[in-house]
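What TrEMBL records for B:2-116 is domain 'Response regulatory'. The 4-aspartylphosphate annotation in TrEMBL covers B:Asp51. The DNA-binding region annotation in TrEMBL covers B:124-224. As annotated by TrEMBL, domain 'OmpR/PhoB-type' applies to B:124-224.
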Amino acid sequence: MKLLAATNRYYLALAAVLFAVGSGALYVGVNHVLRHEVGEQLAVRRHEIEQQVRAGRPLPEPPFESGLDVRAGPQPLGFSDMLLRDTLEHESVPHRQLTFVVRPAAGPPVWVTVRKSLVETDDLVRVILTTMLGVLAALLGGAALLNRWLAGRLWAPFQHTLGALRSYDLQQHQPLALPTPAIAEFAELNLALTHLSQRLVADYENLREFTANAAHETQTPLAIMQAQLEQLLQLPALEHDPAAAPLLAELYGATRRLSRLHQALGLLSRIENRQFAAAAPVRLNELLAEKSQQLGPLLEARGLALHLRAPAGPVVHMHPGLADSLVHNLLHNAIKHNEPGGDVTAVLTSNYLEISNPGANPGGDPARFFERFRKHRATADSPGLGLSIVQQIGAYYGFGVSYTFEPVGRRHVLRVQFAPPPAP
Amino acid sequence: MKLLLVEDEPALRAVLLESLRPGGYVVEVAADFAQAYEKIKLYRYDCVLLDLTLPDGNGLDLVRALKADNSPAGVLIFTARDTLEDRIAGLDLGADDYLVKPFHLSELNARLRAIIRRRQFQGQHHIVFRDLLVWPEQAEVLVRGEPLMLTRKEYDLLLYLLANPDRVLTKEAIAEHLCGDAVDAADSFDFIYTHFKNLRKKLQEKGADNYIRTMYGVGYKLSSE
């Protein structure tokens, strides 16, 4: 729930409760006052009648049937309410009545009841209540609307900041550029966020530079190590020592792995650095054919069939090196995580390149396969950077890279969508 | 065959020198740009092996100088800079090949031989090794005059072996030579094994026995005895 909606809800609840209590109080209050007034009028009337009787005059004739009632028998004394039938309107009309005893100078005492219709007071209450409730309701609704409108206005800078944060991409190497809104809290927030992003960018730059330098600077010592190990392997003495040679070979293999890791990291870092500005038209179908030929021995060794469905195919504008790396990593990945006797199927259309292969359900979150150093098997020799590179290249050119596992036929499907898919 | 090796890192220079000498080359070395510049201005080389990042200059300027002098020398660049731009810049200037550090010495040997073959004999150079005669231009292999039918990969493999006779070639180096740089070593051993088996069998059928030796756990070696 939005903060504004939440506070609004509380305000509205409070107002509604006040509204209900207020309506009740108003009704009771007005009703009480009016009945009291009617009571007073009846008391005055009683006083008049008593005076009249005391003065020896006869009881007044009732002007209306309902106004005055004189009875010889005892009646309950005091105020009470009753309904009388209005013969004209044919409905029961509430009346307030006051019964008292008068003792005329001659004759027995009589019980006199004076009545007053409450119909007028009912109307009055209704008018008062309607007016008051209407005003209150308008106030309530107005407050809600005003709140909503104000919320939209006042929180606009916050929404803007939020939007900027959401679309913020550290790899653009730009700190956030947030305006300073008039409202102090938001201005402070924006200032703090701007500082934060500046620090982030600086740290990120440092890290990137370090990675790039480290990757570059370690190549030379690695080259020395590798070359010397290779020379060591040539020693004739090794031919007579079956234990030493494999040790050396393993060392040698490890330096190769290290240098491959460096190359992959260096490539990732350069993609993130956006160092691949030059783009050229790349014919993906030709590239696919070339790469599959290069990886032919691997396919052959594993007994994998390759199905290339790449007609003339699209021409994509990419850096040729990155296109090469993209296709290579996709194919290599499909070969590596395949089943014996399986196949690698590459489908190229003008919209996407899809490479699929059979395999066991990997389980887990597909999004995580693109993480760096994410390995299929913990002991695998590869550093697990292939799909990270694919994804980085995709992100660089705005391609959508997605992985799905199709339970039917148990196939891993990696798809690179060149253009955003048309809206369904 | 006279080579100039330009490399500023002493350890790497030494090991490169050591690996090149058995090939029968005369190798001179230069440790920096100034030395190298002087040498290429003074002497003629068949091939210059060149590191691009030098303490006092850019190796690409040496390529420019060689080309400006119309030098017939081949140029093999090796560098830690592996961006495509660097590669293209080097090759555009007229370098013959480009290797990214760290590289296999056997790969360097193979590429160096290819450059020298192209430069000196316009490709019309044959390689003789024991009973083998190879015409690289026609991709033709003869064993005692009889043609040997090889697949493309087997032929590449043989050529690679011939460029490094009597040298232990690691499985990694062979796999990368055949399949390109980025192949995981672990992936590739099984396919190398198959190719070697086939190549050996074909050589054996023609009576060329015991040319390829397996170095257990390490790799293979083309033996001249």
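From the backbone N, Cα and C atoms, a Cβ is placed for every residue, glycine too.
Taken residue by residue, the domain 'Response regulatory' (B:2-116) breaks down under DSSP into 56 helix, 29 strand, 30 coil. Computed over the domain 'Response regulatory' (B:2-116), the whole-number mean pLDDT of the model equals 88. Counting residues of the DNA-binding region (B:124-224) by DSSP class, helix then strand then coil, yields 42 helix, 25 strand, 34 coil.
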